[in-house]
Amino acid sequence: MSDVDNWEPVSDNEDSTDSVKQLGPPFEHASNNDNAGDTEAESLQEVPLNTETNDVRKNLVVITNQSAADEHPTEIKHDQSRTSSTSSFFSGMISSFKSNVPSPVSRSTTPTSPVSQPSIISHRREPSMGSKRRSSRRISNATIAEIGSPLQQVEKPDEVKTRLTPSQMKEDNYDHRRFVEERYMDTPYHYASEQRNKDFHETFKSVPKDDRLLDDFNCGLNRELLYQGKLYITETHLCFNSNVLGWIAKVLIAFEDVTFMEKTSAAGLFPSAISIETKMGKTLFNGFISRDAAFGLMKEVWSRTLLQKDMASENINTKAEKSGNGKEIDDAINSIDEENNDKDANDNDTNENDDENISTNETTPNSTSSSPDKEKEKAYKLRADSSYQYDGPIYHHSTSFPAEPMANNEFVLKELPFDCAPGILFEIMFNSEQNEFLLDFLRGQEGSQITTIPNFTSIDGSSMTLKREYSYEKALHFPAGPKSTTCYVAEVIKRKDPDTYYEVISSIRTPNVPSGGSFSTKTRYLIRWNDEITCLLRVSFWVEWTGSSWIKGMVENGCKNGQLEAAQLMERILSKFIKNNVEECQITISKEEEEQDDKEVKNKLKEVDLEQPREAVVTAPAIAEQQGLKVTMETWLFLYLIVVVLLLFNLFYIRSIAVSLHQLVKLQLVELKL
């Protein structure tokens, strides 16, 4: 042990030790019992103390315990700028505590503990008010977090819990200028505004008014040319419209006709295209700015449309099964009633005369055997208040068309089943006296100035081939050129047989449009029995060229788009007319008559097959000499005009280059002179 450890303070007065033990803290020991401390205290009273000295005195902490010294290992910081009195005060204080006497508290609590190390004095700065506030906040927050709220821990009962839909979970941040608050079913997609919906229906007049617009996207249609326009998405249709420099392209695709859709790349490089596939082919839209948003909306509407279609078919099948079971039950009840009536009648006859009873018993099997031969079937007939007349069959076996129109390069627009006989549908569409359907159909295509619709007349003296002609004005939406064109229509009835099929070909010529004198649009209408009580309408078209044209592809695409739009309009108008003029009825069918009808139909179909085949329609037939010469001269004149324009541009550029060279030469001469 060193000398420092054995060192103890020595005082002239013996009571000083006891006083030290009683006071305990070194301040009291130094101020009351130590002579040196008294001297220093007197010197302190003589030195004037300022406020800074008082603050330092308050912040002085003396640590005599070893554990406390370990916890606060700070050094003594001296301010060199203090006054002489302040420095002497510190030196006196330090010298008074060099004795390193352990505190009485430590001696009393741990008598056997080793002697403590020398005391350490630290200068601790008092925390500011800001730090105190922050620490108080942390303490209060920690206390609150530990306590918690009992209301947050209580779970809601099962009756209160509700399942939120994705649309409710998603923030409602739609554009109020472009959309309304109403949503499409339970999806997060909003309907378009009233003005946007109105503008859409003005562009696509064949789309039903109740088919509301959801949204539109800027894109391009990939055909022979790239048509830049807008793709409109409604509840049931995909509609594309383009009108650039007079070239119009319109496409209408029903979602129920879509078989496949996918996101693809344009030209194999840019992932900004969407491919739509139907039974008629594939359509490619590219150049989408927001392809994912457009594809998501298409997929959502397509899935909802297919779901509604499946549910409707299931409901129809369920109703058919119920009606079939009810019919079987009614037939069984009626047969039982008839048998009971026959038995009662036979019993009465037995009581009257035995001979008559024998004859009745002999004839009864014949009468009972004939009852199952007749059956009641559902059919469709014209209403009593209908303006149309039809006296043909309303119940028949299904038939077929004689040839496939696709072999003649025709494009099938629609195949539509209707709840009526083929003859009823033919009378509604091509009746000579009642033309309400035809007038509504033409006006729906923006037709006006319709001439009087004449009756069909015979062409070659036979009643099988009939023809009629009329014309009307159709509005055009070209930015330049004529605002309307005259359409000359010629309708020819090729076949009119209520037992097999109907065939009508409509030819339309529009000479006022570009290359209008070189082509005509042919539309074929075929109607046959789809089953015993319904019919099937097939609409197809092709373009018949009588001359050549350098815009042939554009003309055919324009005709196709117009025909597709007209087919949509025709389907809607026909459904309305059939609903207003046709009703359901019950008829009695005999098996013998049915078998006889089958034989007659087979014979007629054989006769149709033995007939000469129809003329194959060639899309680009040979050009007549005079017409070909005229077309060739027009083409050469057009080419000559282009060459002349190019030569003029060339001369202009040559002259401008010569003027520029002349000016450069002048500038060089001026520089040489200078």
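Positions of Cβ are set from backbone N, Cα and C atoms, glycine also.
Record note: of S103, S149, Swiss-Prot gives the feature phosphoserine to S149, with no matching annotation on the rest. Record note: of S91, S95, S140, S549, Swiss-Prot gives the feature phosphoserine to S140, with no matching annotation on the rest.
Away from its own ends, the topological domain 'Lumenal' (655-674) comes close to no residue of its chain (no Cβ-Cβ distance under 8 Å at least six residues beyond either end). Secondary structure of the topological domain 'Lumenal' (655-674) per DSSP, as helix, strand and coil residue counts: 19 helix, 0 strand, 1 coil.
Predicted-model confidence for the domain 'VASt' (409-582) is 88, expressed as mean pLDDT.
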